[in-house]
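Inspection log for the structure reproduced underneath, given as structure tokens.
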Amino acid sequence: MAGQSGEYLLRASWMAEADRITIASGVPGYELMLRAGRGVAAAARRMAAPGARILVICGAGNNGGDGYVAARLLQAEGRDVDVMAPLGPATTADAGQAAADWAHAHGAAVAVDVDLASYGLVIDALFGAGLNRPLEGVALDLAQRINAAALPVLAVDVPSGLSADSGQVLGAAMGASVSATATVTFAARKPGHLLLPGRALCGAVTCIDIGIAPGTIASVGRGMFYNSPDLWLTRFPAPSLEAHKYRRGHVLCGSGGPLSTGAIRLAARSALRVGAGLATIAAGPDACRVHAAHLTAVMIREAEGAGDFARLLDDVRFNAVILGPAGGVGPELAARVEEAILRGRALVIDADAISSFAGAPERMAALIVAGGGAPVVMTPHDGEFARLFGKVAGVMDAGAKYERALAAARLAGAIVVLKGADTVIAAPDGRVAINDNAPPWLGTAGSGDVLSGLVGGLLAQGMPGFEAAAAAVWIHGAAARTFGPGLISEDLPEQVPAVLRRLLQQEPLA
Ligand SMILES: NC(=O)C1=CN([C@@H]2O[C@H](COP(=O)(O)OP(=O)(O)OC[C@H]3O[C@@H](n4cnc5c(N)ncnc54)[C@H](OP(=O)(O)O)[C@@H]3O)[C@@H](O)[C@H]2O)[C@@H](O)CC1
Ligand SMILES: [K+]
């Protein structure tokens, strides 16, 4: 993606392309393997106490080749190292060279049924990026024995059995992948290191430089990024002296009925906390009275039906709209979404507003085309996503989580934030960001309402849709981390100022 900064994530085939380009530029493949093996050995040194025996389990491909290099280097510095080669001799030239260099100095491999408990560290170099089917036979048996032995495990590139692309265990059963304590990968992280369950199976991931040029990584990358401030900070609306409250945007938030008002208040407050100049809640007369008893900085306007809501939108100062949090599923809410899109407002479609289009994503897509280009961000969790896109071929069955989000974004013409502990943000132009900073305690009632408010608040300040969505997801996670366990959703907007202070004043980020 031209002009996009950020940390690229590479699928296995893109990584192979980067290897080919680097080798074609004159760096021998074996030199790359030596550098990879050196990185593995360095990590092993940190993980294995002096004197601990180390077992390196080498497959037949280049992943095994990295293992042979690491084994030789560790042995050369006096470590007690065994190699196991359960899949037989190496099948690639570079791995063959690595195996020969190891064997030249150290001789035979140990038997497959060796007692794993006698080792202090296992290095898993069975399969890496070349894994293309579920583990079976001796490889499956070994993965299960390694996991049962509960030893420290260092995975080379990815734990064997895990797809570097999807973060899924091939064959689905969790026991069909090695579960690692730590993973060393090369040149760039892969999506499988961040997506679940992969992130949990990898342990701590270190990415080491093996001499693949950043320009090469960018040239093979297809716009998939790790979600961090590097991705969007240059587009973040930093407060400035001349930006009075109207220039910082005015968010209009659609309320549910009198018994369902809390969600949209959370959203409106979050929009203000992230820097929107003004926020107004539009509600029916009964709900207005409830809101009036709670609100101070957020304003209230009476709007009974979709018609009243549309009339509010005659005021062009409402430049961003949030619809959905406890908004009440049905045609009335769908009509509000329609009005907001057709009047060209930046829009967040969350919760009930997503469900109001259940099974009809084409209708939403047609509206967005007619709407003329203002950013539309939808923020479904898995259930809402399935409700909206479940009947469309090529979305639910698109593959990895980012492929589902991307297919949905392209179909709808909207930014899709597919939520979870591994939230994915996808844009119709093909960009994807994968987020990993959400702590477990962020899964609490109302947390999604806060996220929709953060997105809406950033859109109101003119941030582009993809960057606004990615920033909101990251700030949401950082706010939850700042607060810590025991968090309830009301705490989240109150943590946003501390996160912004670190972001904008360049203090260390959580
Ligand atoms: N490229 C480079 O320059 C660099 C690469 N590096 C390293 O190379 C690694 C990738 O190496 P790789 O491509 O040789 O694949 P690898 O993961 O070793 O698998 C080997 C073969 O196993 C097979 N197979 C697959 N699944 C199977 C299963 N379930 N059960 C049984 N067999 C199965 C399949 O072959 P098939 O049987 O399909 O013919 C596959 O080709 C990468 O992760 C990194 O560690 C670094 O050195 C840096 C430089
Ligand atoms: K591996």
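Numbers here mean position along the shown chain, with the first residue as 1.
Including glycine, each Cβ sits where the backbone N, Cα and C put it.
Residues K419, G420, A421, D422, T423 are recorded by TrEMBL as AMP binders, and the candidate that the same record lists for that site, out of G390, G448, G453, G456, is G448. Checking the candidates S25, S160 against TrEMBL: the one annotated together with N63, D124 at the K(+) site is S160.
Following the DSSP three-state reduction, the secondary structure of L131 ((6S)-NADPHX binding site) is coil. Each of H381, L418, V424, N435, A438 belongs to the same chain as K419, G420, A421, D422, T423, G448, is absent from that list, and has a C-beta within 8 angstroms of the C-beta centroid marking the AMP site. Cα-Cα distances to N63 (K(+) binding site) place A129, D157 within 10 Å, out of the binding-site residues A129, D157, H381, K419, D422, G448.
Ligand 1 lies under 6 Å from the Cβ of N62, D66, L131, out of the binding-site residues N62, D66, L131, S160, A421, D422.
Between the alpha carbons (Cα) of K419 (AMP binding site) and L131 ((6S)-NADPHX binding site) lies a span of roughly 28 Å.
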